[in-house]
Structure formats: C-alpha cells, structure tokens
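As structure tokens, the structure follows; a few thoughts come after it.
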Amino acid sequence: MDIYYILNHDNSDNNIFDFENNSDTIDIGKNYKKCNGQGQMLPPPTLITPSNQNDTITYYTDGRSISVPRKMLIDPNTIVDCGTNGIMFIAFNFETQKRVILKKLSKRMFDNELNGHRIIRNLIFQNLFQGGKHISTYQSIFKRKCSDSYQPPLTSILNSIISSNDNPQQHSTLIQQKDDEDFYFESIQPQYSLLNLISNNMLDQDDICQLFYEILMGLKFMHSAGVIHRDLDPENSIFVDENFNIKFTEFNNCFLLDTDPTFLFNKEYITNTYSYRAPETIWGDSLYTEATDVWGAGVLFAELLLGKRLFRSFNSKEHLKSIYKLIGAPKASEGAYVVKGELLFFLMEYNRKNSFQPTFNNTFIGCNQIQIDLLKNMLCWDPRDRYSVNEILESPYFENIHDRTNFIPCDKNLNVNIHFDILNLKPNQMTNLIDQEFLNPS
C-alpha cells in the first residue's frame, strides 16, 4: 500500500482533474507526495492503469488518512467533516470517468446504534429502489483499513456533542484508530441540489412543471413498493442531474406501509428540518399513508413557485404555528386526528389567542388557478383530504407531459426479515451485515 500526503492547494487550482478522457493513464504526481520510511518526500507513481487502479492508496490530510483505490483521484479542496465519525470529499473515478462523492464512515459510527440503524435502513431501501428512473443509489461500497490513529480537535468534538444533544460521556475522542476498517460509500456527484435551483431563481414555468412532475413520478415509484419517503428535503434528499432529471437520495427515513409498526415511524424519524414534515408526523398515532409524502411534495411545489423556502421550522410547535398562519386553524375533527396530547392543547390555545386571516392567498398571489387548486388540495391539515399522487398527475397542469403508459412500478420485494431485525442489531452485527449484503467485491 502506498502512502501520500496531500499538499496545500490554492482553491482556484482545478488542474487535479486535467486529463484526456480517452487516456488509459492519469498523472497525479503534481498533486501528491509520497513519504518513505525515513520521512523523505518522494514522487508517487504517476500512472494509473487498469492493472493497478484497484490498488489501495492512502492520503493524509490534516492528520487523517483516506484509503481508496488508486483509481479514485481525490480533490483535496473538497474534504469536509460530516460529524465526528466521518468525512466527505469529491474524487474523480478513473474507471467510470465520472466525478463522484465519497463518504468515509468510521466503524465507530455504529457504536451509536441509532446512527447505525439509519445507515442500514438507507442501504436496504437503496437496494429495493435500485434501477428506478428517479432514484440515485451508491455506485459502490468498499472498506479500507486505517493507516494511523486520529483524534479530532476538541472544538469539533464539542460542536458534535452540542448539536446532537448526546451525553458527552458517550462520545469517544479517538475517532480513527490504526487498522480500523472504515466504510466508503461512492455516489455520483449531482449537478445541483433541488434547493440550488429553487433559491437561485434558475427556473421558468416549464421547468417548474417538469421538475414537480418528476418529483411526483419518483414518489409514485416508491409508493408502488409500499414505501413512503418521509424526508423530502430539497437540500439533502433530492438532486437534479446533468440531464435535468430529479434524483431521490437518502432513504434512511423511509417507512414501510402496512408493515412497519407506528412506534417505529416515530422512534427513528430524524430529519434536518421540520419544514417538510406533514402535521400528522409531528405527534400522534395516526395511520400514516402516502398522503404524508403528498404534504412534502406540496411544500416543494410551493417553493418551486415562490423561489424560496415556504417554512423555516426547527421544532414542532414552531412548525405547527407556521402551518396555522399559512392555511388557518384546523377544524376540531381535523385537529384531533392530526395532533395529540400536549400539541393539540397548544394548537387550540394558539388558535384561541390569535385571530388573523391565513396568509395563503397573499403568499401565492402570483400563481394561476390550477396551481392554487393543487396547493390547496395538498397542503391541508387532514391527510384524508389531500389529493393522491395519481389525482395530482391527472391535473390539467400536466396535460402536456403526463404519459400514463410511461410508468414502471418497483418490481422488487423488500427482505422484511432483515428490515425488522434492524432495531435488534448490535454494532458488530450491523457492520457484519454490510459486509455480507452490501459490500462490493474487492
């Protein structure tokens, strides 16, 4: 195994990916230096060939090691932390000739069983949805041994503890230990996140219609497998490729309808923001249905039309107030069905103390009547009153692009036994499961 140190780069230097697409070799010598046993810097082998592209090569940066196949050319300017147990970076895959995102996760990530469960759930649903037109799955999953130990800066550890509200005693400061086996997850680098397109006003009315249509078709595909997505976040879960196609990613919040118990829906439902969560998911033991995703799709449609966020909610009460201000108070029967206990009391008290008109009409003053009708029938308190995905697709809004014959449902069956066993798996069992079920051959 060769070991290299990533040299400091000027952010404007993009030469790391200078190469001829039809070449069998890539020169990486100008970006990295090798260190021999005496600490002397030596030039690395400058040729990547089909015969050596899967050899392990280890790079050091800021005290951490990244061990990848030689065919992965790392862009050192893109290395970022993703929690205390992982880093993420962009690389060029010489074999596929594509820029990719690699996420490196320490096996220690699985010491936190909740994190481990979410990783396994993501892999299970990726396998289920693989091949779907609007699905982006990992291109490969591999593991490599650490070449050295690494302890992150104290500020990084403290920030992680504060942001996660975990017990500090549960955190290990030694995140990477020599000879630990780290997992690497490779995915195609998307052209844009959906949020990029929304917030930068890059879309005309035809673009909005097409993207919203593709969001609905992606949901219809997942729903055909009896699964709801639950986390329609345009920043982290939905991307747009170079051909302007919607791609769904991150399936760790997916919920198996008619099979998953309701307690599981709430037990491990962790999203980055409340802004896309349907009101019935905030509290309660309702029967969750595809209508949960219809609410999220309605929020996305609103944001596509407005060119900005619809809600900015970071806790349950704040989110319920934001919904209340937009569409008004729920009827008594709706409120009791959607929220329970303390939150129902909070909502009724908030309604009693506040008297103002909903902002819906003013918010969407620039939209046409067809768009307004869709929004009203997606963004409603009671999930039983929302349009289904099929009803939305039959709207005149899509009359020029909807092709009823062009839908291919998910034809795979979920391995329910593995799915149910997730909650009972211990850290070593989770890593063994990845080895057995998901790891690419070395």
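Here the Cβ of each residue, glycine as well, is placed from N, Cα and C on the backbone.
If you look up Swiss-Prot, you'll see Asp231 marked as active site, proton acceptor. Swiss-Prot lists Val80, Asp81, Cys82, Gly83, Thr84, Asn85, Gly86, Ile87, Met88, Lys103 with the feature ATP binding site. The domain 'Protein kinase' feature in Swiss-Prot is assigned to 74-398; the stated evidence is sequence analysis.
In the predicted structure, the domain 'Protein kinase' (74-398) carries a mean pLDDT of 82.
Rounded to a whole number, the distance between the Cα atoms of Asp231 (active site, proton acceptor) and Gly86 (ATP binding site) is 22 Å. A straight line from the CA of Val80 (ATP binding site) to the CA of the residue listed as 'active site, proton acceptor' spans 23 Å.
Taken residue by residue with DSSP, Gly86 (ATP binding site) is part of a strand. Cβ contacts within 10 Å of Val80 (ATP binding site), excluding its own Cβ and spanning all protein chains shown: 10. The highest number of surrounding Cβ atoms within 10 Å, among the recorded positions Gly86, Met88, Asp231, is found at Asp231.
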